[in-house]
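Per TrEMBL, transmembrane segment is recorded for 42-66, 113-132, 147-166, 187-208, 228-249, 305-324.
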Amino acid sequence: DPLDFEWSYWIEWGREHILWLLIGHLLVSQMSRLFMEKYKPWCLMVYGMVACWFLLGIKGLAVILLHAITSFAVAQFKIPILTWMCSLILLSTLRIPAVEEAKRKWYDTENEYYLLLFTMSVRCLFYTSFSLEYCWHGSTQKSSHSFLWMLAYMFYYPMFHNGPLMNFNEFSKQMTRQEAFSLKTNLGILIVGIIRIFFWWCLAELMIHLMYIHAIYSSSPPLEAVSYWALGGLALAQVQFFYVKYLVLYGVPGLLLQMDGLKPPALPCCVSMMHSFTKMWRCFDVGLHRFLVRYIYIPVGGSQASMLGMLFSTALTFAFVSYWHGGQSYLWYWGTLNWLGVIVENGVKRLLSVPLIQHLT
């Protein structure tokens, strides 16, 4: 069943190029940790830029650098709302038809163009994180918020194309942290990690080959013919595959982050263990959740605001998620339903915390 585009796309790119480039990153990082720990961020930055040039070409690299320079220049004003406006405008340029057509002409295949598009979308979160941290940082932190550090963060290759996301404040602290390095220990982590990821990959391939979830979803007659119980089973199978898929897609870069001495965001929790919208958003994509909370939810007011303020903060968060994922109509419906689910859950929790209600229950 080849109809899960995301899985087929990244597995194809992984086999052809990305897996080999990740192995190259691993070798560079281990050599730099062994012989020149002080210069590790810059070695990995250079490697990431070379890898970007190799896969996306000089024009793709130039566009990413242009976005980074623009965001850094706007961040000099140290006005967070201005940084956000800049990031949203840069993100919107990825969907201008004339710009899309011009970028398509840079490449021989549609898959190469989509790689640039996906990479630019993820890079948007990274330069937004850096620029907002730059707006908030004090004069004593100037050296760790330079343009060179921005490039080291943006071109860190394990998180380059598809994440996971790590906020700049976490990345810079962990990258500059000095700790004992043991090649033997790292080798043990690598072997165990490879075994786990290989198991998840085999499980995902088994689900793809035997369950035909996506093929069934692509045609309406089978869905109309089956019972509601069968539809529920198909929905459960869909989210289970989505979970296993991201164990692989986030597990590979997460393993490399560990090898580099960094602590990656936690891998997705099993969807069968989740019973609430809130837990799903907190525990499935941990890196994205931290980004949304730190840069949107809390600055706008968050849970410390009034009820209307909390509703607005949550709505703005889901609006950004929907727009960042592509902004199609079905994504707005998806975001709205998730927003309603989170609001209802929080409303029920607040209601149950009222002393009178607690006394009655």
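Including glycine, each Cβ sits where the backbone N, Cα and C put it.
Just so you know, TrEMBL annotations are computer predictions that nobody has curated.
For the transmembrane segment (42-66), the neighbouring stretch richest in Cβ pairs under 8 Å, chosen from 113-132, 147-166, 305-324, is 147-166. When Cβ-Cβ distances below 8 Å are used as the criterion, the transmembrane segment (228-249) is approached by residues 4, 6-7, 10, 162, 197, 200-201, 203-204, 207-208, 211, 213-214, 216-217, 267-268, 270-272, 284-285 of the same chain, each at least six residues removed from its ends.
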